[in-house]
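Undergrad: Taken from TrEMBL, the feature transmembrane segment covers 40-59, 71-89, 95-113, 133-153, 159-180, 187-207, 219-241, 362-384, 390-410, 422-438, 461-485.
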Amino acid sequence: MANKPAEDPVQPHPVKEQLPGIQYCINSPPPWPEAFMLGFQHYVLTLGFSVLIPSLIVPQMGGSDAEKAKVIQTLLFVSGLNTLFQSLFGTRLPVVVVGSYAYLVPTISIVLAKRYASLTDPQDRFIQTMQGIQGALIVASCFQMVMGFLGFWRNTVRFLSPLSVVPCVTFTGLGLYHLGFPMVAKCVEIGLPGLIIVVFISQYLPHLLKTKKPIYDRYAVLLSIAIIWLYAQLLTSSTVYNHKPTNTQKSCRTDRTGLLSTAPWIYIPYPFQWGGPTFNAGESFAMMAASVVSLFESTGTFFATSRYGSATPVPASIISRGSGWLGVGVLLNGVFGSVTGTCASVENAGLLALTRVGSRRVIQISAGFMIFFSVFGKFGALFASIPLPIIAALYCIFFGYVSSSGLGFLQFCNLNSFRTKFILGCSFFLGMSIPQYFREYYRQDFKSEHIYSGHGWFNDVVSVIFMSHATVASVVALILDCTLFRENDATRKDSGLHWWEKFCLYSSDVRNDEFYALPFCLNKLFPSL
């Protein structure tokens, strides 16, 4: 009987510095028609936060639907400019820059400040509150630009290893869980079908209906939104919600946003359109704390975006440069008056994974759509009237994609090391548990309005920082990773530092110029370190 050849032992999957399977990476744009469709898809996804944040804040400021429409247009306009600046001069990654949820606590604190409580005219209260928000944002932007452009954030990021990057990126996605299914459940009859349909179209339909080019997975967002939006319109027209509670009608109906009727046909936002900013030291400190949170969350998004753009891990100097340009974005938000600061969009980073298109050109086209539809308000208001539970159904997919990107860095770590297990377990648990405590504390104080007393700015600072899952998890992981015998060669290898070190410096990998070099030969004037 012939001897059978010995079978090769089963080998684990190899480590990949760049994610395979991406059809169009950062520097390989798709054809123009496809690029425009994908850019429009990214634009539609940005409408979630661009509508949600002003809808939460402007009514509390005393603003009407007309003011809300203008604030939404302003936020979209500035987001388009910031996205262009970030893709051209910042990290050069396919990153969309949108309004940040991290600035919500200090913004609401300004809205509920006692000095505005005596104003009886809603218009005056709106204007003066907006001016206070603008002043705090301008101060926070200066702080963030100093952190980024002077290299302070670069020196912080260089302490990261693949092990400490895992909680940072993972919780950048997981930390937004309260904006996923809880928002879907606000109108479960359209949100849940939206979640099911986007999963079916993107994951199952491409295997059931074979096409020469990827269609269903690449355009799943547009297809699913069109189907559920039509379904929501049929429910609205059939008078199903006529006798439902007001909150249900706002979440489910397609005609309750008040944007289409109040948005001007043409409106060009301009600096200080609400008047000159006013400044308050305590409110500025609270807004600076929000900018620190934005730095952590945007850093996690940068790492995820580089992965889904099939680029090398982002060098620390590039992250710092991008953070500085995020500070420029916060400055523009303060100057134009858009009630919130900026951060790198988590949901748009997840969309890169779904479409497998990480092209920079697509993101720049989406920035063009943001600017265009912010100027021509009626057209933009039409898309902005999409019920938020439909957008939240997409968040359930895209936030998860970003979280899984963070878990992908575990391939460079030793998962059989008890040191690795301790750092991961401790940072993950505290990253969930500590923000949950402060979220409950914040809500309790919100009801009693104690946190918004004249001396409550320190409470705002603490609440903003410790309510951020990504910030808490990143800080815990970074401290433990740097202090638990990191000088030992074995522990450095367990953390993945033997592989990571060549990506810490810009000049250590020749591929960095391909992905992150500034255009127009600006690298010679502003070299990366």
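Cβ coordinates come from backbone N, Cα and C, glycine included.
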Undergrad: Tell me whether the transmembrane segment (71-89) sits in contact with the transmembrane segment (362-384), defined here as at least 3 Cβ pairs under 8 Å among residues 6 or more apart in sequence.
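TA: In this chain the transmembrane segment (71-89) contacts the transmembrane segment (362-384) - 3 or more Cβ pairs sit under 8 Å.
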Undergrad: Between the transmembrane segment (159-180) and the stretches 40-59, 219-241, 422-438, 461-485, work out which stretch tops the count of Cβ pairs under 8 Å.
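TA: Out of the listed stretches, 461-485 contacts the transmembrane segment (159-180) most.
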Undergrad: Counting Cβ pairs under 8 Å that sit 6 or more residues apart, are there three or more between the transmembrane segment (40-59) and the transmembrane segment (362-384)?
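TA: Answer yes, regions in contact.
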Undergrad: Sort out for me which stretch, of 95-113, 187-207, 219-241, 362-384, 390-410, has the most Cβ pairs below 8 angstroms to the transmembrane segment (133-153).
TA: 95-113
Undergrad: At a threshold of under 8 Å on Cβ distances, which of 95-113, 187-207, 390-410, 422-438 pairs most often with the transmembrane segment (219-241)?
TA: 187-207
Undergrad: For the transmembrane segment (95-113), give me same-chain residues lying six or more residues beyond its boundaries with a C-beta closer than 8 angstroms to one of its C-beta atoms, as numbers and ranges.
TA: 42, 45-46, 49-50, 53, 56-57, 60-61, 75, 79, 82-83, 85-87, 129, 132-133, 136-137, 176, 179, 280, 283, 286-287, 289-290, 293-294, 297, 301-302, 305, 322, 326, 329, 333, 338-345, 348-349, 363, 366-367, 442, 449, 451-452, 454, 456-457, 460, 463-464, 467-468
